[in-house]
């Protein structure tokens, strides 16, 4: 799966047979992002929450993948929620772009897939936003936690969902279950 890692190893293995300028050209072609992703994807796959699964539509493009979260507790238990994760060229100075592809009734995810998760913010006044020390593992664990301990009704992106929960928790649960049946199986 890590074909980029294989390419990096091949490139490193033939260094001695190339001229210095050719080696430098080869090193420049492999972006900092891609070098980081080889390591981070391996770490991610080794430390994936049991409720998550990653899928790389093109194994040569580690900067684009899908994440499926299947919560085993909370309102969202029994659902399968798909996320699209795209890692920009400026990674790790900027966070990955994440979108929820599954329609969901959630206070921190809009029905159109926008996500409110502090570590995905490029600039954050409270210090919980993106930092170059964060990794894809942090992103995946954060998305997974949106269905459990990071489920936040007090600072919602989807205000209507948060107000619905405040007004009638049973009806909120029913709507979540309806969305799971219709969109998240």
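Backbone N, Cα and C define each Cβ position, glycine as well.
Under the heading active site, glycyl thioester intermediate, Swiss-Prot lists 116, citing sequence analysis as support. DSSP classifies residue 116 (active site, glycyl thioester intermediate) as coil under the three-state reduction.
Look at Swiss-Prot and you will find 32-185 tagged as domain 'UBC core', backed by sequence analysis.
Feature annotation from Swiss-Prot assigns region 'Disordered' to 1-21.
Annotation comment: Swiss-Prot describes 1-29 as region 'Interaction with uba3', evidence class similarity to another entry.
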Nonlocal neighbours by CB distance (under 8 Å) for residue 116 (active site, glycyl thioester intermediate), same chain, sequence gap 6 or more: 108, 109, 152, 155, 156, 157
